[in-house]
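Feature annotation from Swiss-Prot assigns S-adenosyl-L-methionine binding site to Ala55, Gly56, His57, Asp72, Tyr96, Asp117, Gln124. Taken from Swiss-Prot, the feature region 'Disordered' covers 1-24, 288-312.
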Amino acid sequence: MNIMTANQGAVSPSQTESEASPPTFSHVPVLATEIVEALAPAPGKVFVDGTLGGAGHTRLLLGRGATVYGIDQDPYALDRARQAALPGLHVLQGNYRDMAELLPAAGVTQVDGILLDIGVSSFQLDDAGRGFSYHTEAPLDMRMSQSGESAADVVNDLDETELAALIYEYGEERHSRRIARFIVQAREKAPIETTVQLAEIIKRAYPGFSKGIHPARRTFQALRIYVNDELGALRDGLSAAEGLLAPGGRLAVISFHSLEDRIVKRFLLGSDVLTPLTKRPIVAAESEQVDNPRARSAKLRVGERAAAPEGS
């Protein structure tokens with residue numbers, strides 16, 4: 001990998017998870033070996049997992065003796081983490097964009113590393129009732145925290161121009177105007193309330209649809225990002241991380257699409273505090289991509305805060 005050598009070697013994800021967690025609360029983390037190499041967890045070190053989710057990455061850190069403050073806004077993820085009672089894990093409710101307030105409130109002012117795994121956890125995607133998937137019938141929700149407007153509110157309330165702009169900006173969907181027009185026409189007949197209902201509308205709008213990437217993928221991505229203000233949270237979280245890292249501390253960010261990766265890349269290049277350790281994003285090995293298809297689009301970038309001068 002194109003990254004500075006960590007103080008500790010990589011660890012087998014399966015070995016670490018079996019040592020650190022019960023089987024009832026499981027999640028397969030992407031780029032597991034690369035995260036351990038980048039953050040070098042060890043006894044006495046303190047880390048933040050800003051996107052706790054299924055705690056897959058947190059287990060990797062805990063398994064090497066580190067302390068982890070896990071942040072999540074999803075009540076379901078928080079409940080599962082508390083029930084798992086993982087030794088060394090402190091669970092904080094909130095959005096990682098607010099970690100500069102959440103951590104001091106928990107008595108933490110500096111940490112050795114911060115991990116952000118942006119996007120939706122696998123267990124959230126697999127929970128049909130959350131409304132993230134276009135494959136399964138469910139209420140059109142997509143909210144991480146269950147507060148604020150839902151995806152159904154968005155598709156039924158925004159005008160056609162606003163919808164098209166949203167789908168294009170956050171989904172990079174070239175057929176955004178046509179999709180927005182079909183959505184508006186459909187909701188004039190009946191409110192759009194479910195995932196499959198919306199997916200079928202998009203499928204009808206998509207010209208020349210054939211087997212392959214589902215035509216609803218980019219629109220669903222756009223709605224999820226908009227509903228949860230994911231890009232705004234990422235920008236705020238990156239800025240907050242700068243002030244929390246101890247000298248020599250590292251920030252590791254896993255993104256899953258180009259919008260996020262561009263934000264992370266530009267932030268690290270423009271930071272006066274952090275030095276990028278990855279000239280190019282680290283991607284999953286072919287073997288991991290075969291075993292875990294969700295790893296195919298994962299990109300890891302790492303930055304480091306300068307170490308304190310000797311004698312200081």
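For all residues, glycine too, the Cβ spot is worked out from N, Cα and C.
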(request) Using a Cβ cut-off of under 8 Å, list the residues of the same chain at least 6 residues beyond the region 'Disordered' (288-312) that approach it. (result) 3-4, 28, 30-31, 34-35, 38, 122, 242, 245-257, 261, 264-265, 268, 271, 273-278, 281-282
(message) Using a 10 Å radius around its CB, how many other CB atoms surround Tyr96 (S-adenosyl-L-methionine binding site)?
(response) 28
(message) I'd like the per-state residue tally for the region 'Disordered' (288-312) from DSSP, helix first, then strand, then coil.
(response) 7 helix, 7 strand, 11 coil
(message) Taking only same-chain residues 6+ apart in sequence, whose CB is under 8 Å from that of Asp72 (S-adenosyl-L-methionine binding site), what do you get?
(response) Thr51, Leu52, Gly53, Leu78, Ala81, Val91, Leu92, Gln93, Gly94
(request) Would you identify the secondary structure of Asp117 (S-adenosyl-L-methionine binding site) according to DSSP, in three states? (result) strand
